[in-house]
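These notes are about the structure you will find just below.
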Amino acid sequence: MGITLGPNQYGKAEVRLVTVDREGPVHHLKDLTVSTSLRGQLERTHLTGDNADVVATDTQKNTVYAFAAGGVGEIEDFALRLAEHFTGSFEHITGARILISEHAWNRIDVGGTPHDHAFSRPGGEERTTAVTLQDGKAWVVSGLTGLTVLKSTGSEFHGFPRDEYTTLAETDDRILATAVTARWRYSATSGIDWTLSFDEIRRTLLETFATKHSLSLQQTLYAMGEAVLEARPEVAEIRLAMPNKHHFLVDLSPFGLSNENEVFHAADRPYGLIEGTVLRDDEPADAAGLAWYSLPEF
Ligand SMILES: O=c1[nH]c(=O)c2[nH]c(=O)[nH]c2[nH]1
């Protein structure tokens with residue numbers, strides 16, 4: 001009975017690539033998930049562990065980032081460039097399959113004008129409410145989840161303490177991205193146009209994220225909550241949970257390329273998780289927390 005190696009391919013799956021075209025004040029984003037698979041004469045590694053024909057998947061990932069340095073263009077062209085590179089550069093690699101999905105971003109509208117460098121991701125968002133009625137008292141806590149936003153400049157993070165475990169570089173220009181979960185407690189349960197209130201709170205959250213120059217996600221969180229309380233008297237309290245969806249600058253210097261805040265690795269996890277409440281100090285607090293008890297996120 002003979003045993004033989006059948007069809008096979010290998011590569012790096014789901015390379016998360018974000019590029020920012022910052023040539024002018026109006027930034028253009030590309031947000032891609034790229035998977036590479038190479039095919040060819042790969043018997044040696046499978047049968048004996050001799051890797052002389054194996055273009056490391058790490059090299060494939062680096063190639064994706066390096067090729068993005070000059071701009072990605074259309075995903076079809078980018079995929080063709082990569083496929084031609086792998087098959088053209090390595091004798092034993094005779095085929096390549098490149099899969100790319102492009103994730104859409106829309107510009108955030110600020111006062112009816114599309115913002116230069118603040119974006120929101122369409123879809124995935126939910127409007128929520130949690131009504132609690134107990135001992136004759138009622139509370140309405142409404143909110144939203146999955147409001148994914150990104151700004152490609154206007155965000156800094158520095159001045160944090162450094163100890164022997166600190167490696168994070170200080171930055172005065174980074175990508176700031178998050179998926180907002182917001183829950184707000186209304187001060188009344190009647191006489192409120194719920195949809196109008198929701199729409200205005202959502203607009204205020206988006207506009208504040210876009211326009212507030214950020215020194216930390218915590219500062220942005222507070223500014224967003226404060227803006228809602230300033231604009232909407234019917235809201236007594238707002239709680240925000242905002243994951244810091246890290247976008248790490250890719251070091252392209254090993255490939256002789258510079259990276260002027262243009263090519264990023266969009267990390268999945270771990271992520272920072274910033275949570276906070278913004279309150280009115282003259283509003284009777286929901287001291288027992290009955291309105292909030294066992295809500296997701298808080
Ligand atoms: O806005 C931020 N807040 C943090 O607390 C933090 N921590 C970190 O590593 N990066 C950031 N960014």
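Counting begins at 1 with the first residue displayed.
Every residue gets a Cβ built from N, Cα and C, even glycine.
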**Same-site residue for urate (record: TrEMBL; known: T57, D58, F157, Q218, N244; options: R39, R81, R174, R269)** = R174
**Asked** Counting across all protein chains shown, how many other Cβ atoms sit within 10 Å of the Cβ of Q218 (5-hydroxyisourate binding site)?
**Response** 15
**Residue from K12, D58, R174, Q218 whose C-alpha is spatially nearest that of H246 (active site, charge relay system), among the recorded positions** = R174
**Asked** For the recorded positions K12, D58, F157, H246, which residues place their CB under 6 A from an atom of ligand 1?
**Response** F157
**Asked** What's the CA-CA gap between N244 (O2 binding site) and Q218 (5-hydroxyisourate binding site) in angstrom, rounded?
**Response** 10
**Prompt:** What is the maximum Cα to Cα distance, in Å and rounded to a whole number, among the residues T57, D58, F157, R174, Q218, N244 annotated as binding urate?
**Reply:** 37
**Message:** I'd like to know which of the recorded positions K12, R174, H246 has the most other Cβ atoms within 10 Å of its Cβ.
**Reply:** R174
